[in-house]
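Chemist: I'd like to ask you about the structure that follows.
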């Protein structure tokens, strides 16, 4: 077994946000959560080092993950990546296992498989990337697959600048290596910080073997700005789309479809152009038509859209929800709502037809109220159902009706005033003085 230490103490100033960098989302999930999931898939001893807004991050993590061991970096004494794994007197964070994997919290694209080459090393090891354009990165000089030295770009000579091998920021150490060399680490540099790369240099000086393990560039993309966050999200979207299509989901123009990590599919599903699936959604044997938005909802044996919006807690089964229909906290069973309706805080029974422009008036300015509609109900266009209201089964509601009282089963309900036609009324109205 191994222990994992995740470094999440940085301010993330380049994000230009009051939200801690590691809580910025990638496909609906805080980026830190992705790496915590990977950590727990390979270890039962996971440590998280915090500083900036640590209570906010700790609260978010604790709601989702159990067993994370939190540490506060002592930045006043030990700043930098090397300082992050230091306790008082420069001793390393105590871990349960002899092998220690060190990861950065801003790498949400890391997978268990991507880490495998590093974890198979029997020596201390550092993860490397081979970059076509390594400009801006320190170079890693190799000799017989071992790290010889790490040179910062500003200190590299012309020959060293041609090297494409750079530090991925991922390390796999023996605990005794940390115990031996961490106390020797110093902050005698321009930034007055302790660096993990200097730890590598100390090990090389002490004749330690440091394996160089090349890793997949895409999986170790660091997120330090909103531009990099967007790039990481696009890569994650490609993974989620591929996973869905591998399950048999049909996607029309996949690049236009947005879905989040919590979305699940069952049966035969079709997603048309511009669909957005947000939060924990279940799409089962359903067709989501163009430019529809589904949030925290279940769509089962139904068609939705185009241009429909299922807001949170909508459960749409065996139904058709058409153009510009919005639902929220709505349970539809065998219902047809073809166009231009708002159905909120309601339950609608089988074989019910909702005409165009029908609104469930669920909010009275203070509280939300529920509308219950039975089976075999026909609701005429442009009707308003003022909640709380209970409509029985086998009910016919005339077009343009405002319902304010319960309707018993078998009833016809109308509330329109009689139509009056005034002869020559047009000419009288527009008569010039």
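Using the three backbone atoms N, Cα and C, a Cβ is placed for every residue, glycine included.
Got these off Swiss-Prot a minute ago, pasting:
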REGION    1-226  region 'Pyrophosphorylase'
BINDING   7-10, 21, 80-81, 138, 152, 167, 224, 311, 328, 342, 353  UDP-N-acetyl-alpha-D-glucosamine binding site
BINDING   106, 224  Mg(2+) binding site
REGION    227-247  region 'Linker'
REGION    248-433  region 'N-acetyltransferase'
ACT_SITE  339  active site, proton acceptor
BINDING   356, 362, 363, 381, 399, 416  acetyl-CoA binding site
Chemist: Measuring Cα to Cα, how many angstrom lie between residue 356 (acetyl-CoA binding site) and the residue listed as 'active site, proton acceptor'?
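Modeler: Between the alpha carbons of residue 356 (acetyl-CoA binding site) and the residue listed as 'active site, proton acceptor' there are 5 Å.
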Chemist: Which Cβ among the binding-site residues (7, 9, 356) has the fewest C-beta neighbours inside 10 Å?
Modeler: 356
Chemist: List the same-chain residues at least 6 positions away in sequence whose Cβ sits under 8 Å from the Cβ of residue 339 (active site, proton acceptor), in sequence order, or say none.
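Modeler: In sequence order, 322, 323, 324, 325, 356 meet the Cβ cut-off.
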Chemist: Out of 106, 152, which has the highest number of nearby Cβ atoms, where nearby means within 10 Å of its Cβ, if these are the binding-site residues?
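Modeler: Result for the most crowded candidate: 106.
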Chemist: How do the residues of the region 'Linker' (227-247) split into helix, strand and coil according to DSSP?
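Modeler: Looking at the region 'Linker' (227-247) with DSSP, the answer is 20 helix, 0 strand, 1 coil.
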Chemist: Check the Cα-Cα distances from residue 381 (acetyl-CoA binding site) to the binding-site residues 21, 81, 106, 224 and tell me which is shortest.
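Modeler: Nearest candidate: 21.
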Chemist: Can you check how the pLDDT averages out over the region 'Linker' (227-247)?
Modeler: 98
Chemist: Look up residue 21 (UDP-N-acetyl-alpha-D-glucosamine binding site) in the DSSP assignment and report helix, strand or coil.
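Modeler: The three-state answer is helix.
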Chemist: Within the chain of residue 363 (acetyl-CoA binding site), which residues six or more apart in sequence place their C-beta under 8 angstroms from its C-beta?
Modeler: 344, 369
Chemist: Of 81, 224, 362, 381, the binding-site residues given in the record, which has the fewest other CB atoms within 10 A of its CB?
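Modeler: Candidates: the binding-site residues 81, 224, 362, 381. Fewest Cβ atoms within 10 Å: 224.
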